[in-house]
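Engineer: Would you mind keeping the following structure in view while I ask a few things?
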Amino acid sequence: MKFNKKTIEDVDVKGKRVLVRCDFNVPLKDGVITDENRLNGALPTIKYLSEHGGKVILCSHLGKAKGPDPSKTLAPVAKRLSELLGREVKFAADDTVVGENAKKAVAELKEGEIVLLENTRFRPEEGKNDDAFSKDLASLADVYVNDAFGTAHRAHCSTVGVTKFVDTAVCGYLIQKELKFLGSAVENPVRPFVAILGGAKVSDKINVINNLLEKVDTLIIGGGMAYTFLKAQGYTIGTSLLEADKVDYAKEMIEKAEAKGVKLLLPIDNIVGAEFKADTKAVTTEDANIPEGYMGLDIGPKTQKLYADAVKEAKTVVWNGPMGVFEFENFAKGTKDVAKAMAESDATTVIGGGDSAAAVNQLGFGDKMTHISTGGGASLEFLEGKELPGIVALNDK
């Protein structure tokens with residue numbers, strides 16, 4: 001996949017209709033947005049286009065709508081964006097997304113003005129990458145901008161289809177930043193390159209482990225998936241999470257790491273509990289073995305130090321997935337220590353979206369990282385070495 005894509009700064013947008021695919025898939029409670037990260041992430045691109053005289057048309061999906069659904073309207077987003085930008089963002093209420101109301105709102109736009117279209121998933125064709133809806137979207141635009149990394153792994157009308165019917169398709173600042181940090185970390189890292197993988201399941205990360213073993217100097221494994229690896233090494237794991245059908249795969253990966261000269265770090269002690277509950281008593285094991293009747297819920301203190309030391313020696317660190325059940329106070333220290341080591345490091349530190357992004361922000365280390373990816377599934381596919389259709393579809397430099 002080529003990372004050298006044209007950006008909004010490579011095109012003259014003055015007087016042009018610019019359709020921007022944003023990621024406004026935000027959590028709503030009673031019509032109020034409860035997490036504004038994604039809105040804030042979109043502001044630099046919107047401001048640039050508006051300040052340079054573009055007629056700005058924003059679009060996005062919200063939730064899993066399968067047709068018009070008043071509970072999934074983007075109206076609250078238009079209202080909040082207006083407040084954040086300090087200028088009106090008109091809302092084109094339109095169940096067909098590109099109906100008469102939307103066309104009229106776009107036709108009336110003056111240079112620098114902004115309108116937000118209704119949820120693209122109000123059209124069931126959106127997810128089918130259907131030509132007719134793609135053409136409808138393209139008919140509103142002279143220039144198309146994709147700034148939604150979170151949906152770049154999906155070939156939908158608003159991310160891929162539309163690019164077939166416009167001549168100019170470029171990326172916004174958010175995607176440019178993702179390509180710069182995630183792209184260079186994976187394709188051209190400053191070494192030593194350390195990747196940290198956590199989360200519950202080996203099966204979710206199989207392709208990531210496979211791909212990263214070709215690229216990293218050190219691979220660190222924590223979280224629920226570590227217990228399948230410990231089992232593969234012959235340790236007892238008590239009642240810990242185990243994917244029995246992945247033990248052989250874990251053995252293969254341990255052998256592959258050895259053959260490639262990659263340091264594979266696994267827990268050397270664990271913090272365990274009798275039950276999966278926030279108030280279960282936390283017990284630290286002597287070594288990697290977990291006694292019968294207990295389940296691993298976090299990496300132990302020796303492991304925390306081992307992992308933190310590996311991070312301290314790195315020049316590039318990519319992290320995807322927590323080290324333990326960080327939602328439980330007693331079992332959050334492993335995740336906290338890894339985040340702290342990354343925050344204190346002068347390496348390029350990239351957080352690969354999803355749970356790790358939530359953990360890092362929750363622990364207050366967000367602003368100490370070089371880059372926090374805005375895509376969960378998209379970052380994972382990126383780390384797997386897959387092409388992302390929404391990025392492939394943009395013009396190369």
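Any Cβ shown, glycine's included, is placed from N, Cα and C.
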Engineer: Of ARG121, ARG191, which does Swiss-Prot put in the substrate site with ASP23, PHE24, ASN25, ARG38, HIS61, LEU62, GLY63, LYS64, ARG154?
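Structural biologist: Between ARG121, ARG191, Swiss-Prot records just one in the substrate site with ASP23, PHE24, ASN25, ARG38, HIS61, LEU62, GLY63, LYS64, ARG154, namely ARG121.
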Engineer: Using CB atoms and a 10 A radius, I'd like the single residue among the binding-site residues ASN25, SER356 with the highest neighbour count.
Structural biologist: SER356
Engineer: Using a 10 Å cut-off on CB atoms, tell me which of the binding-site residues HIS61, ARG121, LYS205 is the least crowded.
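Structural biologist: Each of the binding-site residues HIS61, ARG121, LYS205 was scored; lowest Cβ tally within 10 Å is LYS205.
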Engineer: On the three-state reduction of DSSP, what should I expect for ASP355 (ATP binding site)?
Structural biologist: helix
Engineer: Per DSSP, LYS205 (ATP binding site) is which: helix, strand or coil?
Structural biologist: helix
Engineer: Going by Cα-Cα distance, which of the binding-site residues (GLY296, GLY354, ASP355, SER356) sits nearest to ASP23 (substrate binding site)?
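Structural biologist: For ASP23 (substrate binding site), the closest Cα among GLY296, GLY354, ASP355, SER356 is found at GLY354.
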Engineer: I'd like the Cβ neighbour count for GLY296 (ATP binding site), meaning other Cβ atoms within 10 Å of its Cβ, all protein chains included.
Structural biologist: 29
